[in-house]
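Below: one structure, written as structure tokens.
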Ligand code: PBG
């Protein structure tokens, strides 16, 4: 039937040259929509390249400040900051997360003092602080939901009081967004934004991240008992609706490219902004392929565009800086 429309309709008319293609393009990459994740160690004396993520580093405090300065000059104004905490500060309950003067809280307030225009996202989950690498407290061989909530509540308050603009619960405990929102309101932190990792799948693509923050699991419990089942889409919508009802401002889908359908589903069915996280393993795949000359760098914008096309409002990507350095106008 469509054939009968030819030659009245010729889609190629709109692909004739770049100017025309730009006029009719539906999606565009802006660096103002990219967020750079950064890793920082509380104890290393120099920055260390992450083996599985060539070109990404675990920073020291000093190199982190330099990196943030460079990012701001390049127009990347938002970072997601992940600490690598010394082993001697880890324990089974992640107690150090509850210390309002811990390394990360101090760093957040120093960063905000030095760079007031920087937007800082910090993760709410216990994994940097537990010796198990789990996001919560283990009781009776399980990551206990309600006991963990108590810790997440005080961790959130610490991070918000330190100056995090956006706190991002990435733990996948039930009910955490509601508890955190209530606690923030009670302490008059009414402008702290909650970016909820709503659809965080139990993914095999987080491995390089866990190396970078030192949260590789050492115990037999799998994150499958709290992160989402890869086979489910409807459930992502359920999580998204719950989080919005509990007071989330922004929803996250994670990983990115293997879950484009999830981004589309949530963005079509809610009115909240969706952020996608192009995670560590996605970066490693691309970067190792580029380093081996299997692909060129032009695969990078292609993957990012796919996340925006699916309905993301912003993307957290280890390539944020690279994009800002290499493109003025990306389309
Ligand atoms: C911690 C957390 C993880 C990531 C972000 N926050 C790992 C995990 O859940 O084990 C992964 C990010 C990435 O792979 O880039 N809760």
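Don't overthink the numbers, they just go from 1 along the chain as shown.
Yeah, the Cβs are placed from backbone N, Cα and C, and that goes for glycine too.
Here is what TrEMBL says about this protein:
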- 200: active site, schiff-base intermediate with substrate (ACT_SITE)
- 254: active site, schiff-base intermediate with substrate (ACT_SITE)
- 239: Mg(2+) binding site (BINDING)
- 223-250: coiled coil (COILED)
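Long-range neighbours of the coiled coil (223-250) within the same chain, counting only residues 6 or more positions beyond its ends whose Cβ lies under 8 Å from a Cβ of the stretch, are 134-136, 142-143, 145, 166, 171-173, 175, 177-178, 180-182, 193-196, 198-203, 217, 261-262, 265-266, 269-270, 272-275, 313.
Counted within 10 Å of its Cβ, the other Cβ atoms near residue 254 (active site, schiff-base intermediate with substrate) come to 24, all protein chains included. Averaged across the coiled coil (223-250), pLDDT for the predicted model comes to 97. According to DSSP, residue 254 (active site, schiff-base intermediate with substrate) is assigned to a strand segment.
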